[in-house]
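Below: one structure, written as structure tokens.
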């Protein structure tokens, strides 16, 4: 037991001495430096930025972790003058004299950065410059005493992103247009030494004026017209970028042949769409760390380097050799700054800005996250930016199913070796597929001939198409129809480029297809049975369908939406009061009575007033006369009324008239809009709206049988599906018709937003609208039997069509939006404000009749009961101004 007792005693003494005496010298060194490590900070000039940085450094110094219970003291400040002599003098007197281990700096200009470069070399003290200003260009020197942390994106990172995007698209050469002179050499050197991509030319337009830019670019664009190469626009502002894009359009550079990319990172708020070419690629930094996070990681780099250095040479790590700029040591031995700089260059850790480490001994690397965007058209035809992928830690991360393959090939993909005839099944959905009757001779002057046999029997289809294609054959006219639309144009383009012919028919049961028992119906059933080789329509790609058939890459992106109908509601009984707030109504009538009171007061106090004491004693202007006058002015009555005779009263009367004019003009301006009634609709926030999950009695909504929308709701929201399946319809047109009936038999209709947007655009009454957030993002693809050789070829051509702008052309052709706002006047011209619009006024008039009876009764009571008593008492003579009744009657 005694042995164990002494063992624990010695163990306790040893553990207690370790924090102070892990090295033979720390105890003496710590006493010498006062257990404090000092960090200098050269702050920006006075202002909000300086205060913010001081607060950050103060918080960091209180939470810094250093060995041997050392504390971190920040010596900060900013010189009044920033010229080289003043800056050097201030740093020596204020910062260096305190014995700092390193200096944190925030240079505000290129000249200041160069001054710090010189001072760090002379003083041999590590300087860490945090660069924020855009106008500061990076230095290429390799000074180990001057480390730079760039809060912006480094040129090397930007070049890596450009290279990754170019290589992902299999681009082998490029043309660069830049607005910064110093980037020319950097871009050329990078692509020459680090990649196999050939830089054909670099066009610098920084020093050219607007007219010269167009002439200069037009000359160079003419030379590359026959080449299909990407063009990178680097470092140009919005105005210069628009000039470049305009010059490319004027020179005839088609978007399908020349792909554009913005070379410098963009902020989200800087991303414009007007005047930009389709397919434009851009990228930008997301989740950018704050300045406080950069400062914390810079201080963390210093404290970690000091912690590592103290373990080997605490004397060099903690005792500074440079404390007097006028007494610089020239000894060949290591200085404390040189010793610490080596540890700074080899320190790495995971900080608040990502993985922090030092490159090339002087560049502090921090992580930057980027997103890559492409300019495409949405379902409404408007240009919009979509996320194509990301770049992080030197790796490209591609969004599955979104990144469009822009492979640069001069030779088109191989076409089919022989002219094959394919049988294509379709389904009528506007605007993707329309139908119209054939001519009297059974031909289609426009569109494609297609059959509508109302069957999926392969033998019957073979017989009908044989009769259609045979010179002597015939097909009944009721089976013939003409098909046209978005998908038919796409099918014709594919047939032309891939070299096949096709015969077209409409699916017999009119359904997209679903699994019923052991068989599939609709389009899928025809593909599985071999009745059709291809299905082309608004055919949604989903997991259930993809297990039994193949889909090409999506040619149209959409989602599910909710369509509702707006309803006109009659104005309530008090609608005539709505143009003015209740407080305004009260204010008008209070002002009226106060005005009448003052008119009476002024008239009776004036020597010229219409009173018994005035010049005109034949008539008396009483309070009732003033009320009659004020009401006549307010409502515009042309009745006989007494007017005040004094000037003061007349001025006040005209002011009241101006007040009434302004109030009435505002009232009448808003009255018509109120009287025609309101438009209301079912306010649904989306698929998660409680009205859908807990529908009230009488609320009906549905979708199309066996559609992708029905399958999605059935799988994701079975309770909604169980309720709405009784209200579902055979087709989209049937659902829209049920919404528009009077009264409507559906309150809401759920279907593909691409189809609903078209129905809204062609609604002549402007009563349909989509509500809520879109959900279940999906795409339309061409359906093919599994393992079809056509799938990859068609997918590649669809990608080419997207890049070339052909799909945008189709969208513009078939989605001709007719804004309902332009038809508002035509609709409101036929609206008549009937008696029910003014029912509130009639009720008010009736109340006035009843009130007048009570007033008449009150007058009788006053006349027969009160006035006889007043006649006998002359002291009530002053009441005369309240009535026009004389006491001498």
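Including glycine, each Cβ sits where the backbone N, Cα and C put it.
Long-range Cβ proximity for residue 540 (L-glutamate binding site), meaning a same-chain Cβ under 8 A and a gap of 6 or more residues, is found for 512, 707, 708, 752, 778, 779, 780. The L-glutamate binding site annotation in TrEMBL covers 540, 545, 708, 752.
In the shown protein chains, 17 other C-beta atoms lie within 10 A of the C-beta of residue 766 (disulfide bond). In the three-state DSSP scheme, residue 766 (disulfide bond) falls into the coil class. Residues or ranges marked as disulfide bond in TrEMBL: 766-820.
TrEMBL lists 463-817 with the feature domain 'Ionotropic glutamate receptor C-terminal'.
Secondary structure counts, DSSP: the domain 'Ionotropic glutamate receptor L-glutamate and glycine-binding' (471-529) has 24 helix, 16 strand, 19 coil. Positions annotated as domain 'Ionotropic glutamate receptor L-glutamate and glycine-binding' by TrEMBL: 471-529.
According to TrEMBL, the feature signal peptide maps to 1-22.
Taking a C-beta cut-off of under 8 angstroms and a sequence separation of 6 or more, residue 515 (site 'Interaction with the cone snail toxin Con-ikot-ikot') has the following same-chain neighbours: 544. Annotation comment: TrEMBL describes 515 (among others) as site 'Interaction with the cone snail toxin Con-ikot-ikot'.
Positions annotated as site 'Crucial to convey clamshell closure to channel opening' by TrEMBL: 684. If you draw a 10 Å sphere around the CB of residue 684 (site 'Crucial to convey clamshell closure to channel opening'), it holds 22 other CB atoms from the protein chains shown.
Sequence annotations record features per position, and here TrEMBL assigns site 'Interaction with the cone snail toxin Con-ikot-ikot' to 714 (among others). Annotation for residue 714 (site 'Interaction with the cone snail toxin Con-ikot-ikot'): same-chain Cβ neighbours under 8 Å, separated by at least 6 residues, are 721. DSSP classifies residue 714 (site 'Interaction with the cone snail toxin Con-ikot-ikot') as helix under the three-state reduction.
Summarising the annotation, TrEMBL assigns transmembrane segment to 582-601 (among others).
TrEMBL lists 621-639 (among others) with the feature transmembrane segment.
Per TrEMBL, transmembrane segment is recorded for 651-676 (among others).
Annotation source TrEMBL lists transmembrane segment at 841-867 (among others).
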Listed in sequence order, residues not in 540, 545, 708, 752 with Cβ within 8 Å of the centre of the L-glutamate site Cβ atoms: 512, 538, 539, 541, 542, 707, 709, 711, 712, 778, 780
Around the C-beta of residue 708 (L-glutamate binding site), how many further C-beta atoms are within 10 angstroms, looking at every protein chain? 26
Averaged pLDDT, computed only over the residues in the domain 'Ionotropic glutamate receptor C-terminal' (463-817): 82
Taking the Cβ of residue 545 (L-glutamate binding site) as the reference point, list residues of the same chain whose Cβ is under 8 angstroms away and which are at least six residues distant in sequence. 513, 524, 551, 708, 783
L-glutamate site span - longest C-alpha distance across 540, 545, 708, 752, in Å: 16
Please report the DSSP secondary structure of residue 752 (L-glutamate binding site), reduced to three states. strand
For residue 766 (disulfide bond) and residue 684 (site 'Crucial to convey clamshell closure to channel opening'), the CA-to-CA distance in whole Å is 19
Give the number of CB atoms, excluding that of residue 752 (L-glutamate binding site) itself, located within 10 Å of its CB. 27
